[in-house]
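The following features are taken from Swiss-Prot:
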SIGNAL    1-18  signal peptide
CARBOHYD  ASN25  N-linked glycosylation site
CARBOHYD  ASN34  N-linked glycosylation site
CARBOHYD  ASN76  N-linked glycosylation site
DISULFID  CYS91-CYS184  disulfide bond
CARBOHYD  ASN94  N-linked glycosylation site
CARBOHYD  ASN104  N-linked glycosylation site
Amino acid sequence: MALHTVLIMLSLLPMLEAQNPEHANITIGEPITNETLGWLSDKWFFMGAAFRKLEYRQAIQMMQTEFFYLTTNLINDTIELRESQTIGDQCVYNSTHLGFQRENGTFSKYEGGVETFAHLIVLRKHGAFMLAFDLNDEKKRGLSLYAKRPDMTLELREVFQKAVKHVGMDESEIIFVDWKKDKCGQQEKKQLELGKETKKDPEEGQA
């Protein structure tokens, strides 16, 4: 499921802050600093998620893979999101902007007159982060995982599994991404190579 779509469809309530997150090795409610924003400005891979609501689970199953780029703007506190999704045999591109609230550590998306929120959970040690949604609603709650590399370590997998159980869900509800099904990575690589060749041609013509 696309990151911006998740932010539109789900809204967060801070029930998790009332729990003890140490059991899942996660920290809730940390302020978002410029250092964090610099760390987030990178390429990210959607690794998996656990969502209670059926249509959200189905949306994840329809999307084979997703990677995206985050570019932060410190002047107006927004984040540009550029994503590439593999859906079937197609590579689908999309771009949008996210807001963020520094004090309570949340991302936000304003759509159709409604602003929804997701709590950012940084897993810096693992080069990853999670987003938590609707944790007070047993039928809608969800947790998603993103990492800087598509090859997930066993330790990161276990951290996410523990976090999912900690918010009252079951490991069986997790859908992990199979990056062997990615169609967008090769396309991006070809576009980058083509761009390099295009830059070389004018130089060769002047030689």
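Glycine is no exception: its Cβ is also placed from the backbone N, Cα and C atoms.
Per Cα geometry, ASN34 is the residue among the recorded positions ASN34, ASN76, CYS91 nearest to ASN104 (N-linked glycosylation site). Of all the glycosylation sites given, namely ASN34, ASN76, ASN94, the one with the smallest number of surrounding CB atoms inside 10 A is ASN76.
Less than 8 angstroms from the CB of CYS91 (disulfide bond) sit SER84, GLN85, LYS183, CYS184, GLN187, each of them six or more residues away in the same chain. Between the alpha carbons (Cα) of ASN34 (N-linked glycosylation site) and ASN94 (N-linked glycosylation site) lies a span of roughly 26 Å.
Here the Cβ of CYS184 (disulfide bond) has 20 other Cβ atoms within 10 Å, regardless of which shown protein chain they belong to. Look at ASN104 (N-linked glycosylation site): DSSP puts it in coil. Taking the Cβ of ASN104 (N-linked glycosylation site) as centre and 10 Å as the limit, one finds 17 other Cβ atoms among all the protein chains shown.
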